[in-house]
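Heads up, the thing below is written out as structure tokens.
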Amino acid sequence: MKGRTGGLTAKMNNQNQNRRQQENDQLVRKADQNKISLAEIFMANSQQLGGLEDGKVTKMYFHKFLFMEQVCFAFNLMGLGISVIQYDLEYEEFTNEDPMKDISLWLLWLVFVSSCLLVFLTVYRYQAHIEWMKSRKSMAPGDQIWHTDDWLPMLIELAVYCIVPLPFTKGIRVNFYNPIQGSEAYYHVNEILALIMICRVIYLYRTLLTLTFWYNNRTQRVCNLYACESNYMFVAKSLLRTMPYTALFIALISLICIFGYAVRICERPLSRNDPTSNNLGVFQNALWNIIITITTVGYGDFYTRTDLGRFVIFIVCVLGIFVVSVMVVTLIESLKVTSLEGHAITVLERVALREKLKHEAALVIILTAKAALGYKNGTLTRKQHHQLIVRLKQTLINFKMTHRQHKTKQDENSLNEEITNQFSLLKNDFKQLMERQQVLISTNNLIYQKLGFDNNKSIVNI
């Protein structure tokens, strides 16, 4: 009876084992039919891995966007340069017989045509940026410009590009009364439009930030890994951290020139009435006025007298506070001692205290010997002996203080080194643990995909 029962049990176990083997073979065959590779697993989870994408395609779209950015920069800079030349020509108010008047008109048409081209190029630039984002899987394939947050900045940029000196408004004047001068003056409409046109400089700065190392595919990918936004503010922060003095110097010089030109446009109409007193229509005087304002000095030898000029100076005052504050913070940060420099300073302080300790000990021995020999031989008077004892006591006090300082520095350095070593060990252990965990997760995901299970459902069931 026992033999028959044992044979039946063995037969059932063999049947169960064969059934499990068949099920496993079917699962493996199903996974092979799906042909799931490790690369496909990574591509399917690209967003969780920090935005993994096809590097060559993304690089191509990025270079296309970069090319459009540079083309817009060239047209923008050309329009600004031509408007500066045209402003001086229109201010002189040449007669109809003078050929310079025709040159001024042709320059106005050139600014107008270049601005129209710049508007179309800007739209194409934003479209290239969207295509770049789509190649990085940061946007859905069907998204358009109005589905993103870029539509409002694009409209503002297009509006700024549309405000230019026009050939249709050439010679039209806007009269105003200046109470400080006590007389009437006038602007040309194109002078006011040229003043507003200076706002284009913001987009020149944007292009310069785009051309740096801190704005590319690699930057976007790394920022996604660390859950931070890679925008123009990130680029500015990176420049202020890596090359602070160069970035601040370039920004300061460019702002002085730009706002000096703006103050010149605002104040120059008053020089038509009185070119000798407080003439900010001279570019050198306008630059000096901006320098003493942006550095918060303000001598008062030159000052603005028009409402537009005062508005420009108000903006300069705000920027001056910002620039000076950033320069002070940068200077303080550059003077901070790093951890390695701190260790070096501590070691040198210990060496200096050790030398001082040796000197104090030698002085104590010398004074003690002098006092003992003088007392033994009787060569010292009572007053000299008293002075020697007082000096010996003071030297002993100095020796004790130096010894205490040396010991404190030694203990402090030992404690800092011990804490640093402990943190280094903990960091290495945590890093190894995270690497093991990532390997286990990748292995489990691969096994689930090979077996044809849904990863999330399998984890929940477990």
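Backbone N, Cα and C atoms are what each Cβ position is placed from, and that goes for glycine too.
Feature annotations, courtesy of TrEMBL:
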REGION    1-26  region 'Disordered'
TRANSMEM  65-85  transmembrane segment
TRANSMEM  105-124  transmembrane segment
TRANSMEM  145-166  transmembrane segment
TRANSMEM  186-205  transmembrane segment
TRANSMEM  243-262  transmembrane segment
DOMAIN    254-333  domain 'Potassium channel'
TRANSMEM  282-299  transmembrane segment
TRANSMEM  311-332  transmembrane segment
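Non-local neighbours of the transmembrane segment (186-205) in the same chain are 72-73, 76-77, 79-80, 83-84, 86-87, 90-91, 108, 157, 160-161, 163-166, 169-176, 254, 258, 261-262, 265-266, 269, 308; each lies 6+ residues outside the stretch with a CB under 8 Å from one of its CB atoms. Among residues of the same chain six or more beyond the transmembrane segment (243-262), those with a C-beta under 8 A of the stretch's C-beta atoms are 84, 195, 198, 201, 236, 283, 286-287, 289-291, 294, 312, 315-316, 319, 323, 326-327, 330, 333-334. For the domain 'Potassium channel' (254-333), the model's average pLDDT works out to 89.
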